[in-house]
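Inspection log for the structure reproduced underneath, given as structure tokens.
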Amino acid sequence: MNSSQISLKMKHGRVNMQKKPSKCSECGRFFTQRSSLTQHQRIHRGEKPYVCSECGSCFRKQSNLTQHLRIHTGEKPYKCNECEKAFQTKAILVQHLRIHTGEKPYKCNECGKAFCQSPSLIKHQRIHTGEKPYKCAECGKAFSQSVCLTRHQRSHSGDKPFKCNECGKAFNQSACLMQHQRIHSGEKPYTCTECGKAFTQNSSLVEHERTHTGEKLYKCSECEKTFRKQAHLSEHYRIHTGEKPYECFGCGKSFRHSSALLRHQRLHAGE
């Protein structure tokens with residue numbers, strides 16, 4: 001065997017060694033590349049060798065650190081060709097694109113409602129299960145979403161860190177500020193595919209869409225009457241509890257609905 005044949009055989013052997021799958025000794029999972037196995041094994045060891053110089057957060061992969069650093073730099077390299085909106089990660093861009101395409105791959109097994117994002121489906125499913133995993137340490141009130149708990153906690157602290165540059169109004173969460181700013185800009189990015197009506201908030205669009213579908217997700221536990229909105233169920237439930245939270249400061253009379261209080265106050269104004 002000459003030197004060129006030996007060299008070819010050695011090269012062929014290295015290719016075969018590289019292609020041979022590597023097995024994780026902890027969980028038995030196979031990987032085609034040794035580097036992928038090395039990254040995977042950090043899950044078992046809890047090893048996070050890539051450290052953010054800005055805040056000290058640690059990561060298992062260099063790619064995860066690179067993605068995280070965009071929080072500090074504000075870099076958003078992934079741009080939507082439809083609306084020019086930009087994002088920090090490709091995954092978020094893919095989710096955003098479904099707003100334009102109308103694709104909703106995540107479907108609820110209970111009611112068939114579909115969503116463009118997996119987290120939206122998980123949040124929705126809590127309507128059916130009644131699960132409220134996020135609990136306030138101050139008052140014990142529980143919530144189905146972490147963002148609702150965060151917003152609620154600011155009701156105890158009074159913190160409103162998000163301020164409108166146009167009018168100075170402050171809010172306890174950034175989403176509320178973004179929604180408010182659409183009053184000034186006139187932007188209504190959420191459009192009904194049935195009738196073309198546009199809304200400033202996605203939640204308003206979701207509620208509106210139920211007028212077309214007839215869907216009523218919110219059910220009274222006392223009389224089983226159903227409603228399209230949680231707010232309507234809450235108002236209805238006061239019939240059973242007798243609660244009248246809206247009090248007239250003029251005469252002390254109380255009402256179940258704010259609209260009833262307003263009508264009553266006009267009687268005083270006309271006196």
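Positions of Cβ are set from backbone N, Cα and C atoms, glycine also.
The zinc finger feature in Swiss-Prot is assigned to 22-44, 50-72, 78-100, 106-128, 134-156, 162-184, 190-212, 218-240, 246-268.
Residues 60-61 of the same chain lie 6+ residues outside the zinc finger (22-44) yet bring a C-beta within less than 8 angstroms of a C-beta in it.
In the predicted model, residues of the zinc finger (134-156) average a pLDDT of 88. Remark: secondary structure over the zinc finger (50-72) totals 11 helix, 4 strand, 8 coil, with classes taken from DSSP. With DSSP classes pooled into helix, strand and coil, the tally for the zinc finger (134-156) is 11 helix, 4 strand, 8 coil. Panel annotation: around the zinc finger (162-184), residues 147, 150-151, 154-155, 200-201 of the same chain, lying at least six beyond its termini, place a Cβ under 8 Å from a Cβ of the stretch.
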